[in-house]
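Noted in Swiss-Prot for the protein shown:
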| type | residues | note |
| --- | --- | --- |
| BINDING | ASN236, MET265, TYR294, HIS330, SER350, ARG351, GLY352, ASP391, GLY392, LEU393, ARG394, GLU430, TYR457 | substrate binding site |
| BINDING | HIS434, HIS498 | Zn(2+) binding site |
| BINDING | CYS578, CYS581, CYS586 | [4Fe-4S] cluster binding site |
Amino acid sequence: MSSSRKQARLDAKTNIESLSVQPYPNSNKVYIEGSRPDIRVPMREISLADSLVGGTKESPIFEPNEPIQVYDTSGVYTDPSYDIDVYKGLPKLRQEWIEERNDTELLDGVSSVYSQERLADETLDELRYGNLPTIRRAKQGQCVTQLHYARQGIITPEMEYIAIRENMGRQKFADEQLNHQHPGHSFGANLPKEITPEFVRREVAEGRAIIPSNINHPEAEPMIIGRNFLIKVNANIGNSSVSSSIEEEVEKLVWSTRWGGDTVMDLSTGRNIHETREWILRNSPVPIGTVPMYQALEKVNGVAENLNWEVMRDTLIEQAEQGVDYFTIHAGLLLRYVPMTAKRVTGIVSRGGSIIAKWCLAHHQESFLYTHFREICEICAKYDVALSLGDGLRPGSVADANDEAQFAELRTLGELTKVAWEYDVQVIIEGPGHVPMHMIKENMDEQLKHCHEAPFYTLGPLTTDIAPGYDHITSGIGAAMIGWYGCAMLCYVTPKEHLGLPNKDDVKTGLITYKLAAHAGDLAKGHPGAQIRDNALSKARFEFRWEDQFNLSLDPITAREYHDETLPQESGKVAHFCSMCGPKFCSMKISQEVREYAKDSEQVALDQAIEIKMIDDPLEGMRQKSEEFKASGSELYHPVVEAE
């Protein structure tokens, strides 16, 4: 191992061991209690400064601003009252809910042959997570999926938790300015003014939403993926044969949840996949997804032709018993679709898709994922693992977008969705890829038509191919658009896409870009309450409350750093201008002066005031401002007077 790799592992290990609670600036962790004491839904509450609304310098009049509550994925990592210990894992939030349903049983040991072999290997003791939980499985004849409960008319604690979480405490806002929202265009989505537990149950029962919640991952805070809810963002992490360690992956997990990752996919392809995944699951407050095919391939030494159902089945059970919440399964790639990719510019770009295509051609038969799909569903139903039906034939270039191969597979995914629903297994559908802007809506329309409104989950899509190093931007454009059209979850893309494995900083950049895209989509489709945070930040901006601007942003740290590059002094935090326009040309300062001018001139309406202000005798205006400046003591800067 190179010295730089050793140092990276050491740094990550140090960060994990010394992990301290680091909440966002001026934010508090708050919990909203549901109908029972153990339903405590976390929110991040951002405290705001008061607004100066009148008075004099000696006797200013202030008006308080309500704190803003925002969706929080960071788990207990930002709760000052919790003592973090990654070696013990997170609290088992859902364990009591699972137990009281009385439809599961505890196993004496692991069922997977591979898991048994790993446990027996003493050389792995130092790598292994030391506090392994007892495995849980559905009792004989029972189904333990949230879809099953929803279809039975049962509102689970998870559903109530989600309803509270999706509303983000917006019911408490009385401020008309904060509540103002433009009507959106939802393209047929059903967006109620308030999310109720019954609405959550109904959406899950109809297959329009999923709650990824493996019974062996009780640490995960319940969340929902669906067209009629807030758009979610997935972050990918994972080691490879040439890069990254267990320590670094756990660090990236915690980092991902801090910056808004609603789910995390572990796409590890290197050594010690099993052990890495255990560490991630025990320390993850969000659902974890995987592509089981990657690990199955490792078990046959990377030779795709040697894959078989027995290896795959054992891998599915292994991961389900560890607590993986959703599997990406490329079961819709059929043998007859492979020739359709021959004329493509970039062929088959999905790793899972290329593995299946190679296997199909080598054996000249349909893949074992397709022929054993019902058995896959039976396994998932025992643990409540959701299926993310993979798009192995997604386009890898804009030239290949929306071709016959892509849409043929999509129609098969729709057929498989109905099969999974027969077993009460939750389903989402994966989508592209690389699609130019004018062709994106067709993807959403086709998915809704052929996949029966099961939630759509897309990688971008990237809207152009010319920007390696900036593909978080090329894809963020497409992500915002398809989110508006109805996509339920967006898989983030980092600046390293097509270039290398992302590091910690890349993960943050990708997540911030995609949280922005998701929020833009929520605004466009008119999700209730989506505009509250925008309104609060805009009000802070107009009132030159700089700290509130930073703290309300998606990335307060970067916002503050950019401001301080040119105005680092504390006086810059109270100045009524920034370095972009300077004190003389700040549009918002001028606008405030226009308002004051109109207020002082009782006979003049606001629109007239603007005209007078701009074209009236400029010399008289300058004389007035000169007198005001002298009267104020000829002070260039006037700090904001703090409320007592």
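Cβ coordinates are placed from backbone N, Cα and C, and glycine is handled just like the others.
Features recorded in Swiss-Prot, as mapped to the structure shown.
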residue : record                 : Cβ contacts under 8 Å, 6 or more apart
ASN236  : substrate binding site : VAL264, MET265, LEU267, CYS491, TYR492, PRO502
TYR294  : substrate binding site : LEU267, SER268, THR269, ILE273, ARG351, GLY352
SER350  : substrate binding site : HIS330, GLY390, ASP391, GLY392, LEU393, ARG394
HIS434  : Zn(2+) binding site    : ARG394, PRO395, GLY396, SER397, VAL398, ASP400, ALA401, GLY460, PRO461, LEU462, ASP465
TYR457  : substrate binding site : ILE225, ASN234, SER388, ILE428, ILE429, GLU430, GLY431, CYS487, ALA488, MET489, LEU490, CYS491
HIS498  : Zn(2+) binding site    : PRO468, ASP471
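Residue with the densest Cβ environment among the binding-site residues GLY352, GLY392, ARG394: GLY392, by other Cβ atoms within 10 Å. DSSP assigns HIS434 (Zn(2+) binding site) to a strand.
Under the DSSP three-state reduction, ASN236 (substrate binding site) is assigned to strand. DSSP assigns GLY352 (substrate binding site) to a helix.
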